[in-house]
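Structure first, commentary second.
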Amino acid sequence: MAELACFCYPCDREGASVARYSRSAIKCMLSAKIDKSHSSQPYDTQVYGLAPPPVYKKRFNDGNNSRGMNFDTDMYDKVADLLVQILNGIKIGKDKAAEIMAVPISVRHLENLIYRIENKDDILSADPNLITKSVLIAMGLIKDCELTTTAEGGDIVFQNQGFTMWRLDYKSHVLMPITDPNFVEYKITLNHTNPIDDKIVKELVAELRWQYNKFAVITHGKGHYRVVRYSTVANHADRVYSTFKSIQKRNPSYKFNELDTRVIWTNWAAFVKSMLNGMKLDDSKRLLFTKMKPNESSFKGVTTERKLDEVSLLG
């Protein structure tokens with residue numbers, strides 16, 4: 001994740017409310033000694049124009065911070081250009097742009113959208129309106145859920161009338177690659193917003209139960225499912241809890257999308273319920289380690305029950 005301010009800044013130019021930073025400006029900012037009292041504002045490099053606020057230094061890989069973005073790349077330029085294009089295209093205005101600069105966005109999600117846009121076989125590449133909608137969803141600026149047509153993409157490994165399951169290949173990414181050679185993760189998006197027939201849901205549950213029984217099906221509350229290794233669920237819980245509390249502070253009316261509990265891993269559904277009821281993180285996470293009965297509404301002949309020794313892999 002990185003704040004929008006790591007890519008662009010509000011401006012008041014003819015036809016533009018936001019402008020992007022250059023790589024040269026970022027390099028200058030990373031090497032400059034800057035008073036802390038000025039760290040929350042874009043830094044004037046005197047030579048290359050404005051650079052991101054120094055408070056976000058750790059978001060960039062300067063050679064000593066491998067967890068930061070690899071900003072000195074063509075991919076950084078593409079993502080920054082895309083964000084500026086979309087925000088200026090909707091005529092966001094300088095004041096509104098200033099309000100959203102601190103909004104965190106998924107760098108990997110945006111890089112995947114670039115790959116979709118560059119793929120001439122993908123419908124996204126030829127539809128400017130769909131591109132705009134996909135980016136605004138990725139930024140959290142509209143309430144629409146990430147559906148299959150607006151998804152970040154990946155390799156499709158399963159699809160039926162209601163759902164599409166994507167294998168996420170973050171290991172080959174440029175900006176923030178995942179270096180764990182054992183990383184495997186999937187995302188399931190809805191194909192439409194209409195009610196989905198039980199038969200279609202059962203097809204998905206059966207696929208997950210028998211083909212992905214070493215994985216937990218969870219949700220981050222954004223209208224899609226995540227299929228992750230049991231050993232990573234605790235880390236996902238930390239991130240989801242932190243993100244939920246952060247969003248709730250900015251927007252008390254925010255609604256966490258719990259999705260279909262027949263698909264979600266029972267323990268994760270319990271974790272989410274406890275989080276939404278105001279329980280502390282540690283208390284909520286204990287439910288991830290507790291043996292639970294499968295959802296009573298699960299489909300006949302298909303179970304999402306997990307063995308206790310599988311749950312104990314949580315770390």
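Cβ atoms here come from the backbone N, Cα and C positions, even for glycine.
Within Lys78, Lys143, Lys187, Lys273, the residue that Swiss-Prot lists together with Ser106, Val107, Arg108, His220, Gly221, Lys222, Arg226 for binding ATP is Lys187.
There are 23 other CB atoms within 10 A of the CB of Val107 (ATP binding site), with all protein chains counted. Val107 (ATP binding site) carries a helical DSSP state (H, G or I). Within the group of binding-site residues (His220, Lys222, Arg226), the Cβ with the highest number of other Cβ atoms inside 10 Å belongs to Arg226. Counting residue by residue with DSSP, the region 'RNA-binding' (204-240) contains 19 helix, 10 strand, 8 coil.
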